[in-house]
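Since the structure comes first, as structure tokens, the remarks are kept for the end.
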Amino acid sequence: MSSTVSTLWRDCLLQLQDQVSSNDFTTWLRPLQDDVSESNMILYAPNCFIKGWVENHYLTQITKLAQQLLNNDQFMVKIQDGIKPTEKTTTNVEQKTQNENCHNEITSQQNYRSYLNKNHVFDNFVEGKSNQLARAVAQKVAKNPGEQSANPLFLYGGTGLGKTHLLHAVGNGILANNPHAQVVYMHAERFMQSYVKALKSDRMDSFKRFYRTVDALLIDDIQFFAGKDGTQEEFFHIFNSLFERGRQIILTSDRYPKEIEKIEDRLKSRFGWGISVAIEPPELETRVAILLKKAEEKNMVLPEEVAMFIGGKLRTNVRELEGALNRVHAHAEFTGKAITIDFVRETLKDMLALQDKLVTIENIQKIVADYYRIKISDLKSKRRSRNITRPRQLAMALAKELTNRSLPEIGRNFGDRDHTTVLHACKAIAKLREEDNGIQEDWSNLIRTLSV
């Protein structure tokens, strides 16, 4: 296929439509305008963000395609932001000034408005089974923001599990790929305050224009919108505007979207349009890895057996682990003592005592019995029907995961069962969690309930 100067961009688009996803084509390529001469083609992007993205991801592909269509290896393709001029009166100096102004405006707005924590990146996010999927999806979004399959991205889980870290990591990842992008991180409470302030100062037009034109909007703790009708109404329209334009939306909450009370159904429905991913409390291996990673960042000597001890005792969330580590570090520096298990046991005695009270076997039995609508006595009975056996195995596995009780102690609390029965239950549940999505979902729900 060959082209003429007058049909070049149209012919390029026809081929590009088959080479890129429909979402990418609509978002990045269709908005471009062309100005073609015998020696080059200038593409005009409606804003700096699209210009930067096309320049980084498609310009080489477009240039090669244009050269092939014209059979001219010297043909050049350039891109700049702005509207295609009706007459070519803009000088090079004027165009350079326009580009610099646009870049400076976006950079200034980004530095002032993004609120991203540059220290929260993917490289220092400790991965484990509890957050593996969430991290993978977040990285995909950072590389390809706006892809419909993950828009919005909804991360949910208990306090201190790393949702906010991942949120910032995605934002920083988007900016790393495209420094011109307008990425805004906002806690839900701050968003509400911004909305009320705009309302009172009669600046709603400015408020709407800003939030509806960003390239990625990251809202933390969306459950804070509960019962705030005005905020929900405005966010509904912001969501629609961004989604229709293929802009990325990322939200976090302490619970699954449909479980958030006093949030309008139309918003809950939209929260589920993309992908919702749970972040669970970290398992022992991840807890230990987090402690060792944080200790390394502090240049702190933390023996692995001590990390195992702390990780085995404190199971609720990452924030709790960091708090414990900070206390141990401070006490060690103040006293000059070596960090041993005995030293940690003494330093964290109040935290460890509280943790023992937080999750008990009795509490686990009650939560599991309520969840499956059976009696606690069923969990302790000799009954072997499937509707009793599976909850019993789950309860025993949870007791091993969330308490400091030994296998024999757990067995005694479940109708004087042998420790080998408890071990078998733990192995069976671990296997089922990998093979059966229903069991994994039950496990996640129970863990979240017990971690509150």
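Each residue's number is its place along the chain shown, starting with 1.
Every residue, even glycine, has its Cβ placed from backbone N, Cα and C.
Taken verbatim from Swiss-Prot:
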REGION    1-80  region 'Domain I, interacts with DnaA modulators'
REGION    80-114  region 'Domain II'
REGION    115-332  region 'Domain III, AAA+ region'
BINDING   GLY160, GLY162, LYS163, THR164  ATP binding site
REGION    333-452  region 'Domain IV, binds dsDNA'
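Location within the structure of each feature annotated in Swiss-Prot.
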residue : record           : contacts (Cβ under 8 Å, 6+ apart)
GLY160  : ATP binding site : THR316, ASN317, VAL318, ARG319, GLU320
GLY162  : ATP binding site : PHE125, ASN131, ALA134, ILE279, VAL318
LYS163  : ATP binding site : LEU155, TYR156, GLY157, ASP220, THR252, ILE279
THR164  : ATP binding site : HIS120, ASP220, THR252
Legend entry - Coarse DSSP state, helix versus strand versus coil, of LYS163 (ATP binding site): helix
Inset, instruction - Sort the residues of the region 'Domain I, interacts with DnaA modulators' (1-80) into helix, strand and coil with DSSP and give the three counts. - result: 45 helix, 15 strand, 20 coil
Legend entry - ATP site, defined by GLY160, GLY162, LYS163, THR164: further same-chain residues with Cβ within 8 Å of the Cβ centre: GLY157, THR159, LEU161, HIS165, LEU166, THR252, ILE279, ASN317, VAL318, ARG319
Inset, instruction - Kindly report the helix/strand/coil residue split of the region 'Domain IV, binds dsDNA' (333-452) according to DSSP, in that order. - result: 93 helix, 0 strand, 27 coil
Inset, instruction - Could you please provide the mean pLDDT value for the region 'Domain IV, binds dsDNA' (333-452)? - result: 89
